[in-house]
Amino acid sequence: MPSIQLQRLVKRYGGLEVLHGIDLDMAENEFTVLVGPSGCGKSTTLRMLAGLESVSDGDIVVDGRSIAHLDPKDRDIAMVFQDYALYPHMNVARNMSFSLRLKKRPRDEIDRKVRATAEMLGLTPYLDRKPGELSGGQRQRVAMGRALCRDAGIFLFDEPLSNLDAKLRGQMRAELAMMRQSVRKNMVYVTHDQIEAMTLADRIVVMNGGHIQQQGTPSELFRRPVNRFVAGFLGSPPMNFLEAELVDDGGLHARGAGFSLRLPEDIVTRARKLGGGRATLGIRPSDLEYAPEAAPDRALDLRVIVSEYIGAQSVLICDCGGTRVTVEIKSETPIALGETLRFAARPEGLHLFDPETERAI
Amino acid sequence: MASAARPRANPAFYALIALLIFMSIGPVLLLLVNSLKLDVDITSGAGGLLFMPTIRNYETALCDILWYEPEHLRFCQIRFGGAFVNSIIIALVSTALTLVMGCMAAYALVRFRFMGRDSLSLSTLAVRMIPPAVLLVPVFGLWNNAFCLDNDYGLGAWWRDTFGGRGDVCLAGTHGGIILIYVAMNLPFVIWILQSFIVQVPRSLEEAARVDGAGPFQTFFIVVLPLIKPGLAAASIFTFRIAWNEYLLASALADRDTMTVPILIVNNASEFDGLGTIFATGMLLAIPPILFTLFASRQIITGMTAGAVKG
Ligand SMILES: Nc1ncnc2c1ncn2[C@@H]1O[C@H](COP(=O)(O)OP(=O)(O)O)[C@@H](O)[C@H]1O
Ligand SMILES: [Mg+2]
């Protein structure tokens with residue numbers, strides 16, 4: 001249940017630096033999700049925490065004690081690997097009890113723990129099977145079970161669901177969220193899937209190119225992304241970006257090809273400091289709403305190119321002066337392809353980014 | 001279901017299989033049958049299976065290590081039994097040593113990064129290119145002169161007092177001397193074979209073991225070794241057979257007491273009187289490798305690593 005601090009953590013492979021000083025504080029019992037595109041250094045961070053990669057620079061502090069130079073076995077950490085890494089010559093029960101047996105715990109205690117964990121994960125009928133005789137989803141559970149069976153203080157997960165098919169992944173994600181209720185431990189979870197990140201995390205850490213882009217609660221990051229990368233990474237379908245000019249026309253407007261949106265007050269105060277110029281306007285597809293009667297400075301006029309029906313919602317792919325814009329609407333809204341329609345933008349859904357630094361304004 | 005879908009096998013196919021089985025088992029069977037016959041029965045050519053089985057031939061062959069004196073022998077002429085025991089000791093010990101050293105060396109070469117790893121890995125194979133005959137003279141010289149204990153004091157003196165003998169105590173003429181050269185001879189190939197098995201063990205398995213609290217040796221013995229059992233079995237069959245059959249080096253290094261079976265047969269060919277004894281020794285010679293191979297090949301189960309990773 002400890003608190004974990006990563007302090008200016010750097011990783012170099014030879015001359016190549018892949019992590020450029022990661023600073024991260026994880027509170028006790030927090031579920032932290034590291035999320036980012038492939039190759040951004042999530043696994044490397046996690047493996048350094050586990051002790052599987054050496055620390056090139058910086059420090060890892062757990063409960064005020066540096067563990068950067070300890071062996072993995074002395075770190076009191078359990079880890080679930082992306083490819084499961086089950087011991088193929090041991091049956092499920094022995095896989096799960098491996099660590100306890102190494103620690104020479106009493107037999108009845110081991111038995112009790114294995115049974116309880118198997119019960120929780122629905123693995124009881126498979127305790128005598130070898131990993132080779134299990135399906136992908138069952139192997140995944142065994143991998144989880146092996147980690148949960150131990151009383152480790154910290155749990156690490158490296159993309160544990162990425163090898164499952166979509167349906168199973170959704171199911172396991174829900175089970176993980178449920179397990180999270182009963183197991184109050186520090187968990188660090190790595191994924192490239194932003195939905196997993198949003199649903200599971202107490203704290204999301206968005207990484208890119210070996211840097212932390214932003215960290216905070218899922219809703220903080222969703223509502224107030226600090227830069228264009230975070231804004232575009234979280235949320236599905238992703239945020240729309242439109243190039244615009246800031247012009248003062250009786251109130252500050254963002255004007256671009258085919259639109260001129262009046263900016264709400266809170267952005268105006270911040271944008272004024274920059275003193276006009278160019279900006280990137282960001283609007284989430286869910287912040288656009290079909291509204292034929294809306295005022296032109298509150299709305300975008302979009303020509304519908306494709307409509308993707310996904311049940312209660314439909315995703316429209318539209319054109320706005322040469323830029324693709326996606327819109328999420330209720331499926332019953334009457335839409336005809338090829339028509340130009342008016343969509344109102346929610347004022348609190350407007351984001352502005354500096355086109356050079358990509359930082360939020 | 002699966003068997004119903006399989007096409008009916010052709011009778012000719014079964015005939016071919018039967019023929020092949022007969023061809024491979026036949027000679028061994030003939031050997032066994034004849035080794036149980038008296039010489040008169042063998043030479044009479046009455047062909048057949050009609051005879052009184054006797055273990056007399058085996059008694060003759062093993063007369064020097066039997067705890068009783070067989071009635072039909074006046075005098076124990078060939079020391080086959082002793083050589084047989086020597087062969088078994090040397091083959092088993094050298095195989096065991098080769099495997100222990102080979103699997104550790106192979107693991108280090110595959111998993112650890114150290115200076116000269118690649119050239120070391122390559123040179124293990126290069127050693128294989130040298131025929132053993134090249135080693136004969138230098139090894140003979142070294143074993144007889146360089147690796148000796150002075151018999152005037154220390155360990156050498158104790159050795160002489162305990163076991164007797166004249167001159168210095170040398171590596172030549174001991175079991176250890178022959179075992180050492182067999183280990184050296186087989187190690188490169190075993191390392192090379194085991195490397196290819198160790199490479200296939202997923203790295204994440206070892207990482208999982210380390211995180212689960214296993215030290216480097218526990219990781220190796222509890223996780224890696226069971227997974228390369230097929231490789232160990234293949235390597236052990238190979239080394240056992242070489243050690244069992246080797247003639248050249250053993251003939252140079254062995255003395256009267258450490259002689260292996262191939263040396264004994266060549267040296268004492270003229271003393272084998274009677275076909276029955278020859279058949280019996282042949283049978284005895286064939287049994288250990290057969291047993292060993294059967295035992296080792298049971299360990300070769302394909303798909304040992306199945307299910308380790310995602311799949
Ligand atoms: N052993 C290694 N040697 C050199 N570069 C590596 C090594 N392992 C990872 N990298 C590099 O480090 C970067 C981060 O990798 P990783 O942490 O695995 O990314 P991900 O976020 O997809 O898990 C990648 O660009 C990768 O190429
Ligand atoms: Mg990764």
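Placement of Cβ uses the backbone N, Cα and C atoms for every residue, glycine included.
What TrEMBL lists as transmembrane segment is B:12-33, B:88-110, B:122-143, B:179-199, B:220-244, B:274-295. The domain 'ABC transmembrane type-1' annotation in TrEMBL covers B:84-296.
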Worksheet item: For the transmembrane segment (B:88-110), which recorded stretch in the set B:12-33, B:179-199, B:220-244, B:274-295 gives the largest number of Cβ pairs separated by under 8 Å?
Response: B:179-199
Item to complete: With the transmembrane segment (B:12-33) as the reference, find which of B:179-199, B:220-244, B:274-295 contributes the most Cβ pairs under 8 Å.
Response: B:274-295
Worksheet item: Under an 8 Å Cβ to Cβ limit, what residues of the same chain, 6 or more beyond the ends of the transmembrane segment (B:179-199), are close to it?
Response: 90, 93-94, 97-99, 101-103, 105-107, 109-111, 121, 124-125, 127-128, 132, 135, 139, 143, 171, 224, 227-228, 230-232, 234-235, 238-239, 242-243, 246, 249, 253
